[in-house]
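So the structure is just underneath, and the comments pick up after that.
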Amino acid sequence: MPDFSIENEISKSINKKNCIIVGVDEVGYGSLAGPVVSAASFFLRHDNEIIYNIKDSKKLTPKKRIEVYNTITSIVKWSIGFADVYEIDQHNILNATHLAMQRALNGLNCDIDYVIVDGNKVPDLPWNRKAIVDGDNISVSIAAASIIAKVTRDKLMETLHTQYPEYQWNKNKGYGTKHHLESLYKYGKTIHHRNTFAPLPGITKLYSK
């Protein structure tokens, strides 16, 4: 279960009280449709009593994830950043993800002391930073960001599903499931599909109602 060990270690190393250590994570990296969404979050106090049930978003049921989301968004400072499909196709998914992370961090509007990012690559940022592999299972700040990003993107894909029900984005959230792929070949691609992601380059048919 994630805790404040990483945050406390960093706080001690920079020798500053009440420092702002921000966790960052993204959702939608491998999806065929929809934006990549990043969240940035930090806790105003490092109290282990407030982190019960905060886990990597992938380890929570949808119902539990919503419950935890409602709790953590009331006790953390947080922000969301998006990179849309056009930016993904233009800049590639890694650079677009880093762009979304930068936007999420800028949205906090505060003096950040340190940034910790889930994964093995960290974007070029104007703050001290480090990447932490499996960070959403280690750092509670990253785990909180993971949940916020996941719930935000899921809600968006569920909304898009109402416009394009053929692709079942309410279920697959834009990822390449069997049904999604079959629907792509049957109905064509939409403006929300990533044209640089296989098999999209080979699909010329465009969606029309």
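A Cβ is built for glycine as well, from the same backbone N, Cα and C atoms used for every other residue.
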Fill in: Candidate sharing the divalent metal cation site with Asp25, Glu26 (per Swiss-Prot), from Asp113, Asp118, Asp124, Asp134
Asp118
Item to complete: Quick one: among the binding-site residues Asp25, Glu26, Asp118, which has the most Cβ atoms sitting within 10 Å of its own Cβ?
Response: Asp25
Discussion item. An 8 Å radius from the center of the Asp25, Glu26, Asp118 Cβ atoms defines the neighbourhood of the divalent metal cation site; name the other residues of that chain inside it, in order.
Written reply: Val24, Val27, Ser38, Ala39, Met101, Val117, Gly119, Gly135, Asp136, Ile142, Ala145, Ser146, Ala149
